[in-house]
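Novice: Quick one: the structure is below, questions incoming.
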Amino acid sequence: MIALFSPQFMLLSNITQFSPMFYLTGFPGLDTIEHWIFIPFFLMYLVAISGNCFILIVIKTNPRLHRPMYYLLSFLAFTDLGLSVSTLPTTMGIFWFKSHGIYFVACQIQMFCIHSFSFMESSVLLIMSFDRFLAICHPLRYSVIITSQRVIRAGLAVIFRGPVALVPLVLLLKTFPYCGPRVLSHSFCLHQEVIHLACTDTTFNNLYGLAVVVFTMMLDLVLIALSYGVILHTVARLASQEEQLRAFQTCTSHLCAVLIFFVPMVGLSLVHRFGKHVPLAVHLLMANVYLFVPPMLNPIIYSIKTKEIRHVISKLLSLRKVSTKSWS
């Protein structure tokens, strides 16, 4: 745990008596090597932001990719980009400037953005699973049902589903009094942590937050699992192993994205709800994996597994080689 009686923290405690602030701890006990921890985090941010921007630019600038499947991929890249940018200010502030204090309003905005983009990503993954379900189980009807306009409308609808539900949850935090040291165990604000610092009855917030999670992310996970159950059943009925492999290969990228997003999310939820005696290191690891790993890995996975994006990358590399030779 952080040094609660250090001069820096005592000063922050005095400040919070007059202005609502929280203290972001970052990596307790590892203050002396935070400059080394900065390196992998910087690389993750670099890959996540540049990779997702690259996918958005490639889809935007290539008319051949203006199809439903790539619109969904651009939605996924947008949510991953938003998730990375949401945690960037405070995480890099701790690494670069040793800035641990955050005003409550800024904390509210950050937690709203983090949870909103998480809900958006869950919704996008659900739509992508429905897309794969139709492509494999009903290929003849796919082009009729999945049109660009319908994908954009569905994407916009589910993208705003989570943020709208989060508004009262985040605004209610402003009405709660917060007693004692306002210390958060991460380098960013999460609702499930802030609510534990309130020194009043938070039953409504807890139940409402649980209901939002159940009827958004958990429902999405159940529907995705059901869609893959039907997909596996359909693939198993195909005549040859070659057809089975070809059909299932169209789902591998999406399935990887689902696993790297939902497995840490479920783990983090279980740790926060039932892991009161779990070491702090486990909380930090689960939260950081949940927020930093999917935005970093998704552009890599889709760049490797998507033929059209691979073609664009190889084309860019060949152009770079030609330009390098011309300058040499």
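Each residue, glycine too, has its Cβ placed from N, Cα and C.
The transmembrane segment annotation in TrEMBL covers 37-59, 71-96, 102-130, 151-173, 207-231, 252-274, 280-301. Here TrEMBL flags 51-302 as domain 'G-protein coupled receptors family 1 profile'.
Provide an account of the burial state, proximal residues and distances for the features listed.
Specialist: Outside the transmembrane segment (37-59) by six or more residues, the chain places 27, 30, 65-66, 70-71, 73-74, 77-78, 80-81, 84-85, 88, 91-92, 95-96, 292-293, 295-296, 298-300, 302-303, 309, 312 with a CB less than 8 A from a CB of the stretch.
This prediction places the mean pLDDT of the domain 'G-protein coupled receptors family 1 profile' (51-302) at 87.
If one looks beyond the transmembrane segment (102-130) by at least 6 residues along the same chain, the residues whose Cβ comes under 8 Å of a Cβ in the stretch are 19-24, 72, 75-76, 79-80, 82-83, 86-87, 89-90, 151, 154-155, 158-159, 161-163, 165-167, 170-171, 173-174, 188-191, 194, 216-217, 220-221, 223-224, 227-228, 254, 257-258, 261-262, 265, 291, 294.
Same-chain residues lying 6+ beyond the ends of the transmembrane segment (207-231) with a Cβ under 8 Å from its Cβ atoms: 118-119, 122-123, 125-126, 129-130, 132-133, 136-137, 161-162, 165-166, 168-169, 191-192, 195, 248, 251, 255, 258, 262, 265-266, 269.
Listed as Cβ neighbours of the transmembrane segment (252-274) (distance under 8 Å, sequence separation of 6 or more from its ends, same chain) are residues 76, 118, 121-122, 125, 128-129, 132, 192-193, 213, 217, 221, 224, 228, 282-283, 286-287, 289-290, 293-294, 297-298, 301-302, 305-306.
Counting only same-chain residues 6+ beyond the ends of the transmembrane segment (280-301), those with a CB under 8 A from a CB of the stretch are 1, 27-28, 41, 44-45, 47-48, 51-52, 54-55, 76-77, 80-81, 83-84, 87, 114, 121, 185-186, 188, 190, 253, 256-257, 260-261, 264-265, 267-268, 271-272.
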Novice: Given a Cβ distance threshold of under 8 angstroms, which distant residues of the chain, six or more beyond its ends, lie next to the transmembrane segment (151-173)?
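Specialist: For the transmembrane segment (151-173), the sequence-distant neighbours (Cβ-Cβ under 8 Å, at least 6 residues beyond its ends) are 68, 71-72, 75, 79, 108, 111-112, 115-116, 118-120, 122-124, 126-127, 131, 191, 194-195, 198, 204-205, 208-209, 212, 216.
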